[in-house]
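Trainee: What TrEMBL records for this protein is below:
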- 9-425: domain 'Enolpyruvate transferase' (DOMAIN)
- LYS22, GLY94, ARG122, GLN168, ARG346, ARG390: phosphoenolpyruvate binding site (BINDING)
- LYS22, SER23, ARG27, SER166, GLN168, ASP315, LYS342: 3-phosphoshikimate binding site (BINDING)
- ASP315: active site, proton acceptor (ACT_SITE)
Amino acid sequence: MQTLTSRPATGLQGTLTVPGDKSISHRGLMLGAISMGQTTLTNFLPADDCLSTLTALQQLGIDINRDDTTVTIQGRGLHGLTASAQPLDMGNAGTATRLMAGLLAGQTFDSTLVGDASLSQRPMARVQQPLATMGAEIDLTDGHLPMHIHGRSLMAADHYPLQVASAQVKSALILAAIQAPTASTIIEKLPTRDHTERLLNAFGGDVQTAADGRTITIQPQPKLQGQAVTVPGDMSSAAFFMTAASIVPGSNIRLTQVGLNPTRTGLLNVLQRMGGDVTVTSAKSVGEPLGTVTVKAASLNPIDLGAEDIPAVIDELPLVALLAATADGVSHITGAEELRFKETDRIATIVTELQKLGVAITEQPDGFTIDGRGDWQLQTPVFDSHGDHRIGMMMAVAALRLTETTTLADEAAINISYPRFFTDLQHLLPTEVRNA
Ligand code: S3P
């Protein structure tokens, strides 16, 4: 049980550099493994999810060394992975599982993927079915893990239309497509984060997105070469402090080296649309764009988000709910049914936890409606991550608005993406409230 910091008199102040991006850390490891020669990842995220990927790749015969946030991978090429004697334990990591499914489907050996209780309830047919159209043979257990992958020669995907707006599914198909004999084309439902495409091209692959933003063509059998990659700060981690600074009076913070890939900056747009006080300065970068984000406290207006808005803010929707809970009016979030398939059913867990603050939030099948006009009336001072890192951190941010002392159960879930979260939060608090 973690005691949460209540309202700091001066708000949040200071400058912070958040840890490396989770999505890019996973992909950097995988692409390093299937390239020839050495890859170095700097500012790698040493959180539980990414460490699951790292260990799985070691089990597949890849020599990987990690010194804190620097990782060195001795890549063995597209056909250099070897069978693991043991099942690959993907822990809590949905991204790692789905991307690995695509990567392992085209190998010459079989693999078995298992995960923790939460991951074992998440849908895997969303990768099994599209990969099957490329000739992959993947056995699931009632649509879930354990997953047994029979390594097979794959066929190209021929204008395959993705059924869900999911970067994980898209990336699984891309990682399968590079193993096919001819070029593949896949069509996204809506544009989603494009880290796989960018990184594959940086390693020497050829993945092109058409002007429609949704049609992706993947050239087969690329000769990938190891690279030196600096992982930008994770926008999804910065988002917790952007939200905290917006809703805690008196705040003024700077977040440096934050990844600003346009497929990930939905929360910046949301804050701007809500009347938040946000300034973005782009920095020089190679590959993924990055920059500095300055956020000051502001009075917020309500917002309406629909399906088209969701992919760029998918992991920040708990924070959008929290922002809306302080806004002067009613916000409507719709088209977000994908939230039900995250580490928890996030529509349910967001509603449960925000109701503990007395927030007027109503669950909808595909989102929620929030009236931010009433004062919060704390109903219960014990919050719960429900084993979901982003729900735990959202409630730690919410606590910063309260004058009462509150606690968080199952706080260890935060290690999934942000082991340093409470230390970084303390860094932005005035000395007298640190280590509260
Ligand atoms: C991710 C894609 C998103 C996101 C997840 C990371 C990725 O999931 O929610 O945290 O790295 O590709 P979906 O693709 O299932 O939407």
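Backbone N, Cα and C define each Cβ position, glycine as well.
In TrEMBL, annotation is done automatically, which means it is predicted and not curated.
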Trainee: Do any of the binding-site residues LYS22, ARG122, SER166, GLN168, ASP315, ARG346 touch ligand 1, in the sense that the CB is under 6 Å from one of its atoms?
Mentor: SER166, GLN168, ASP315
Trainee: Inside 10 Å of the Cβ of SER23 (3-phosphoshikimate binding site), count up the other Cβ atoms and send me the figure.
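Mentor: A 10 Å sphere around the Cβ of SER23 (3-phosphoshikimate binding site) contains 28 other Cβ atoms.
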Trainee: Who sits close to LYS22 (phosphoenolpyruvate binding site): which same-chain residues at least 6 apart have their Cβ under 8 Å from its Cβ?
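Mentor: Those within reach of LYS22 (phosphoenolpyruvate binding site), by Cβ under 8 Å and sequence separation of 6 or more, are LEU45, ALA47, ASP49, CYS50, THR95, ASP234, SER236, SER417.
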Trainee: Between the Cα atoms of SER23 (3-phosphoshikimate binding site) and ARG390 (phosphoenolpyruvate binding site), what distance do you get, rounded to the nearest Å?
Mentor: 15
Trainee: Can you grab the distance from ARG346 (phosphoenolpyruvate binding site) over to SER166 (3-phosphoshikimate binding site)? Cα atoms, rounded to a whole Å.
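Mentor: With the alpha carbons as reference points, the distance is 16 Å.
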Trainee: Could you check which of the binding-site residues GLY94, ARG122, GLN168, ARG390 is the closest Cα neighbour of ARG27 (3-phosphoshikimate binding site)?
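Mentor: Checked the binding-site residues GLY94, ARG122, GLN168, ARG390; minimum Cα distance to ARG27 (3-phosphoshikimate binding site) goes to GLN168.
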Trainee: What residue among the binding-site residues ARG122, ARG346 has the most other CB atoms lying within 10 A of its CB?
Mentor: ARG346
Trainee: Taking the Cα atoms as reference points, how far is ARG390 (phosphoenolpyruvate binding site) from ASP315 (3-phosphoshikimate binding site) in Å?
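Mentor: Cα of ARG390 (phosphoenolpyruvate binding site) to Cα of ASP315 (3-phosphoshikimate binding site) measures 8 Å after rounding.
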Trainee: Whole-number Å only: compute the distance from the Cα of ARG122 (phosphoenolpyruvate binding site) to the Cα of SER166 (3-phosphoshikimate binding site).
Mentor: 14
